[in-house]
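What follows is a short report on a single structure.
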Amino acid sequence: MTDRNTDVGGIPIEEVVIEAKEALRDRSPARRGETSWTRLWDHLRREWQIYLMLLPTIIWFIVFLYKPMYGLQIAFKDYSIFRGVAGSPWVGWEHFETLFSNDQFLRAVKNTITISFYNLLFGFPAPIILALMFNEVLHATYKRTAQTIVYLPHFISSVIISGIVITAFSPTAGIVNTVLDWLGFDAVYFLTQPEWFRPIFVGTGIWQEAGFGSIVFLAAIAGVNPSLYESAVVDGANRWQMMWRITVPSILPTILIMLIIRIGNIMEVSFELVILLYQPATYETADVVNTWVYRQGLQSGQYDLAAAAGLFNAVVAFVLVMTANTLSRRFSRTSLW
Amino acid sequence: MRRLTLAAALLTGSAITTPAIADDHLRIVEEPLELTIQMNHARYPVYEEDWPVERVAREMTGIHLINDTVGANMRTDENTGRTEALNLMLASGDIPDIVGSSRIRDFVNQYGPEGAFVPLNDLIAEHAPNIAAYYAERPDIEAAVKAADGQMYYIPYLPDGKYGRAYWIRTDWLDALGLEMPQTVEEYEAVLRAFKTQDPNGNGEADEVPFFVRQWPELIRLVTLWDGRAHGSDTYHDFLVEDGKISHGYIGEGYRDGISNLARWYADGLIDAEIFTRGSSARDFLLSENLGGSTHDWFASTGGYNRLSSEIEGFRFEAFVPPASVSGKRVEEHRRILVKPDGWAIGYTNEHPVETIRYFDFFFSEEGRRLANFGVEGEHYEMVDGAPVFTQAFLDQGPVNRSLYQAGAQLQARGYYMDYAYEWQWTNEFAKAGIELYDQGDYLIPDFLGVAFTEDEQKVYDRTWGSIRDYMLERQQSWILGNGDVMADWDGYIAQLDGMGMQDLLEVMQSAYERQYGG
């Protein structure tokens, strides 16, 4: 503990002095021109360690997210790798016209949104429910073991996941059809039936990610002030009431933030898994924007068209995030920014 | 110092074993010349300057290739046509003197005219007598490698030998059920049905899988039994050419009838229920589990499964001639293609194009071709009665192709003309018997060797083909699986394809074809 001479209301005395100086500078009109710069300089000099820690992230953003934005212009160009980004001729909106006159692209957009919607509807609540359930488990060893087991699928690569899914749903040897057989149903060749693709895909996603996704919510639950539970116990609340009246409202900001992030990713269906699981027979429900781009754009080297589709994806995602963020801020005062 | 001695020992060693070096008639340059090379191939991702074949080629020609491969661990994929390593190389802005890769044709024919690769027509005419002589004999192949501007931009890898895939059947099952070898499509159906219902593997369960394939598009080739066509070349879903007209198998009436019958076969369990998802391990699994009855697959590798006879009593898997179609024609649609889209090209910054084309030409000379096919004399093969024969010690090293790759021979990212004799020497007896059987008949049909597009044609192709292919495959699988009836849906299907631009697509294919192969 610091003693009172150096501490004013929990803030080190040093900072208080600097804040006061800065406040003084602000009020002096003669120096207004350089005020903000001087303040920034002072601030940087004072907090340089923190900015140093931030630096790698900033570099990462510049190299991997901002610099590539330069290449986005190929969405409006007839791009040739040899001619380069700058040397390729402009073609205006041609690639976008190609996209939106293509029925399969429009179907892919529809499929993407539908699959994402199911993912949101069924996949988003799953880790929350799981976290709440873990929170109620009292036996420590049992809890740890169960948590490890549900985290594990997250670390398995999509290729192996798809292998497991294909085997499990196989019409001759799969466990699912074996069970159906016991119950007296006919075998179903699930992975070639368009109506089964989405349930299988969304279900696989939940199985794979619900456990790992629950970590964030468990952390939020751990941050709930224990005195709230203590006073609830004194007031005679049961566990169910404590969960609904204390835990859920306390982690609601986390839930909303995660929801906003999730909505921003609505155009990003995990397309590796789609590619591994789909067949021409299931394109009707399974083909998403990214798999379409992969087949039409990358496999045949049409990077410009692929970039146009990617840009479209990004714009839609941006609008969705903005909307979700605004709504969240208005109704719950929780928002990303 | 020690390195030097080692190098000297190697030099003298090979000088003794390869007397051809003594005379200098193959030497291209007096002073050793260094050229950089990018080489990618699915089967051997890294180029090695120390390959014995490279060492000998260096001594014979004086040209020393320096590895400059970008994306060495990236594979070019035969089936999807991905050329990521080549794209990466081009995007890096630095093209080596020589670029060798599988799937290089479309790549050089697109970027060559833009200036990334050196046009080869004049260079071949003036400096490459062996290549020129080959093309003089095979104008169709010369036409097939050209870009839309009439220039050649790469020297191809040219396969030799006629046959690729064939029909295979468990002849011991035929014997067990007292059946004859099927001669017609009706008999074939009856045999497959007997495999399904009469328990040839004798385990008391109807678990047999009468017809299976490793790559599901091979199933579609069965439409030839109803006079349809599936794939026009060894690339799946490719266009086909018949009497100078470009068409597509999937819009023919024989195809329609074939799919209708295959749907019936599928519903009756004659075709693997998991045909679309079983994948590349299908043959391995179904044969070693004593479940698979018949397939359509490569001669050499499929014949090799007869080694299972040590585990499965009486196991015999033999090739049989294509059953006669409904109109009595016997057709084997798959053949070894005449020219691969693999090979090598000269980068635009190469300062020695003449020496480079002469180096390419070296591999079309007698000595060079032998080197590219068989490896090094004394080390990998001996001359017996004027023909190269692999030494027993070399054959015993394991899979011959792998050993050859490791020696730097049979590299398909090098432009050369394969010599089928190399393969025949170690082809197993069941494959040999099958090939001899197919040789007695005339079952092969001409392949579509591909076209190069002008920029405008390319636009039409890019706009239409991807969607059309997707739609055709979607319907194809659905019909076979019993979702929809091909007979009832056919007119709507054709109308839908026309709506997607099928006719425009065929038109540009036709005009490109006529420009390239002369109508």
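Using N, Cα and C of the backbone, Cβ positions are placed for all residues, glycine too.
The transmembrane segment feature in TrEMBL is assigned to A:48-66 (among others).
Among the features that TrEMBL reports, domain 'ABC transmembrane type-1' is placed at A:109-324.
Per TrEMBL, transmembrane segment is recorded for A:115-134 (among others).
TrEMBL lists A:155-180 (among others) with the feature transmembrane segment. Beyond the ends of the transmembrane segment (A:155-180), by six or more residues, the same chain brings 186-191, 200, 204, 208, 270, 272-273, 276-277 to within a C-beta distance below 8 angstroms of the stretch.
Residues or ranges marked as transmembrane segment in TrEMBL: A:200-221 (among others). Sequence-distant contacts of the transmembrane segment (A:200-221) (same chain, at least 6 residues past either end, Cβ-Cβ under 8 Å): 115, 118-119, 122-123, 126-128, 130-132, 134-135, 147, 149-154, 156, 161, 165, 169, 190-191, 247, 250-251, 254-255, 258, 270, 273-274, 277, 286.
Per TrEMBL, the feature transmembrane segment maps to A:242-263 (among others).
When Cβ-Cβ distances below 8 Å are used as the criterion, the transmembrane segment (A:305-327) is approached by residues 71-72, 74-76, 79, 95-96, 98-99, 105, 259-260, 263-268, 289-290, 292-293, 296-298, 335-337 of the same chain, each at least six residues removed from its ends. The transmembrane segment annotation in TrEMBL covers A:305-327 (among others).
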For the transmembrane segment (A:115-134), distant same-chain residues with Cβ under 8 A (at least six beyond the ends): 143, 146-147, 150, 198, 201-202, 205-206, 209-214, 216-218, 220-221, 243, 247-248, 251, 255, 258-259, 262-263, 265-267, 269, 288
